[in-house]
Amino acid sequence: MATNFLMHEKIWFDKFKYDDAERRFYEQMNGPVTAGSRQENGASVILRDIARARENIQKSLAGSSGPGASSGPGGDHSDLIVRIASLEVENQNLRGVVQDLQQAISKLEVRLSTLEKSSPTHRATAPQTQHVSPMRQVEPPAKKGATPAEDDEDNDIDLFGSDEEEEDKEAARLREERLRQYAEKKAKKPTLVAKSSILLDVKPWDDETDMAQLETCVRSIQLDGLVWGASKLVPVGYGIRKLQIQCVVEDDKVGTDLLEEEITKFEEHVQSVDIAAFNKI
């Protein structure tokens, strides 16, 4: 019966319930809560939690010190102490936040007051619009009839003049002169010639071929844009040696096909011609 009665109780035995009910009542009476009051309410809630925790600790200590009480585990008390310490730290942090907010609000109030003092008391009046009358079309003055003497004077004036014609001729002459000088300068400028360095392998028929005579035959080829370079004999095998000769050619004048064709004309000494290396200069 006692348990059923406590389930439907309409009074509070704990003080914090009464405090919460009283706080909600006054908040409803005073209207919406500002940001600063919310911070203070949060701090007060933490303070009430701390007080409640202390009250519970005191009750537990009082119950454990009684005659029939048994010694409980020490871990519960340590947890409560840790929670109290954390709540106190949070309380200090909230107090610091509240102080910072109060300082910021005071600074804003000071700045607002200075701005209000520096601003002009009267508003700038809008400029009055002036009534503009519609534009009237101005008629040009009537031309007077020109006298014969004035007509003669007008005829004597050369509006275009011969000076402008002379200036046009001078400008055309200068333009032609500059174009001619530019063309001469461009013609004198040396043009870049694309050249290539080629290393040829000239192979004889057998080891009895006179390699000196073969080199003489190859160097006897004279073409526009062809310059022969160094040469040497490279052994191939079985006593046979090939002629390795270097040359520089102009790409527009001498091609590799033409060079091979001219060398292979010496059929008695030359078996074949191969390009060992080809580099652009």
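The backbone N, Cα and C atoms fix where each Cβ goes, and this holds for glycine too.
Since we're looking at a predicted model, the values are computed, not measured.
In Swiss-Prot, the feature phosphoserine is attached to one residue out of Ser106, Ser113, Ser272, namely Ser106.
Considering only the modified residues Ser106, Lys117, Ser119, the residue whose Cα is spatially closest to the Cα of Ser44 (phosphoserine) is Ser106. Cβ contacts within 10 Å of Ser106 (phosphoserine), excluding its own Cβ and spanning all protein chains shown: 10. Listed in sequence order, the same-chain residues six or more apart from Lys117 (N6-succinyllysine) with CB atoms under 8 A from its CB number zero; the list is none. For Lys107 (N6-acetyllysine), no same-chain residue 6+ apart in sequence has a C-beta under 8 angstroms from its C-beta. Per DSSP, the secondary structure of the region 'Leucine-zipper' (80-115) breaks down as 36 helix, 0 strand, 0 coil.
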